Amino acid sequence: MTNQQDTLFAEPGEHQGNFQFDSRVAGVFGDMIRRSVPGYTQIINTIGEIADRCVTPGSNVYDLGCSLGAATLAIRRKIEGRNAHIFAIDNSEPMLVRAEENLSAYVSDTKVHFKLADIREQTFENASLVVLNFTLQFLPPNDRDTLLARIYKGLNPGGMLVLSEKLKFEGSDIQVLLDSLHLDFKRANGYSELEISQKRSAIENVLIPDTLDQHKNRLTQAGFTQADLWFQCFNFASMVAIK
Ligand SMILES: Nc1ncnc2c1ncn2[C@@H]1O[C@H](C[S@+](CC[C@H]([NH3+])C(=O)[O-])CC(=O)[O-])[C@@H](O)[C@H]1O
Ligand SMILES: O=C(O)C(=O)Cc1ccccc1
């Protein structure tokens, strides 16, 4: 997997303006997300385990905002021989090109369809699993409800949605505490104060987190009657919803 070290925010004034999933980010993304998101590797592995439990023969799987294809790869490893189709979708061309390369490094009998597209335009049908692994937080807040409702409609009974997100908290003391624990995680992974603060400004208007209650309400609104957290570390969480 493409895994250059992330030094994008290391120099003063670097990468000013809004964070974008361009070729510079795509080239270091594997390193960036592992050093920035606590639990990322465990979440990817568990998405594979969840796929093993819910992907039915001949069904469709959607990996929305697939980036380098890490979740698609973990899923594909667990569902060989089921004649399932995986749709790996991202609107960043440099990400999708690398995802395709990463997946082609291994043989598989599962068909993966790579789509350079906006996930808001996607139609969902015969779905046993939909993955939104740290992607919903980048959509304009007003577009989030509609996407979840469309996903719910396209899922088969027993089908699952995995929704991983950076969370925001109502209690400001909790927000400060979990933020500071996250910052220490980044420092421990070798990011400098400058890298941390420049990245923070770059994602400020781009990654807009919701509270856990907002997510739960949105899932209920979309039609899900069963949804819960299965992972949380500091301000990062992953939920699963079952139709
Ligand atoms: N409207 C959109 N349509 C399509 N793609 C989008 C859109 N908005 C953002 N993206 C894409 O969503 C991805 C978000 S990263 C997901 C990690 C991955 N899931 C992983 O499991 O490694 C998370 C992060 O960077 O924190 C990027 O590749 C964007 O191009
Ligand atoms: O780096 C951070 O502070 C984050 O919140 C996570 C992240 C990871 C990768 C791209 C954008 C945000």
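Note that the numbers count up from 1, one per residue, in the order the chain is shown.
Using N, Cα and C of the backbone, Cβ positions are placed for all residues, glycine too.
The model shown is predicted, which means the values in this text are computed figures rather than measured ones.
Here's what TrEMBL has on this protein:
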BINDING   TYR40, GLY65, CYS66, SER67, ASP90, ASN91, ASP118, ILE119, ASN133, ARG200  S-adenosyl-L-methionine binding site
DOMAIN    61-159  domain 'Methyltransferase'
Could you say whether, by DSSP, ASN133 (S-adenosyl-L-methionine binding site) belongs to a helix, a strand or a coil region? strand
Least buried of the binding-site residues ASP90, ASP118, going by other Cβ atoms within 10 Å? ASP118
Could you tally the C-beta atoms, other than its own, that fall within 10 angstroms of the C-beta of CYS66 (S-adenosyl-L-methionine binding site)? 29
Nonlocal neighbours by CB distance (under 8 Å) for TYR40 (S-adenosyl-L-methionine binding site), same chain, sequence gap 6 or more: ILE33, ARG34
Enumerate same-chain residues with a sequence separation of six or more from ASN133 (S-adenosyl-L-methionine binding site) and a Cβ-Cβ distance below 8 A; give 'none' if the list is empty. ILE43, ILE44, ILE47, ASP63, GLY65, ALA71, VAL162, SER164, SER238
Using only the residues recorded as binding S-adenosyl-L-methionine (TYR40, GLY65, CYS66, SER67, ASP90, ASN91, ASP118, ILE119, ASN133, ARG200), report the maximum Cα-Cα distance in Å, whole number please. 25
DSSP says ASP90 (S-adenosyl-L-methionine binding site), in three-state terms, is strand
Mean pLDDT across the domain 'Methyltransferase' (61-159), rounded to an integer, is what? 98
DSSP says TYR40 (S-adenosyl-L-methionine binding site), in three-state terms, is helix
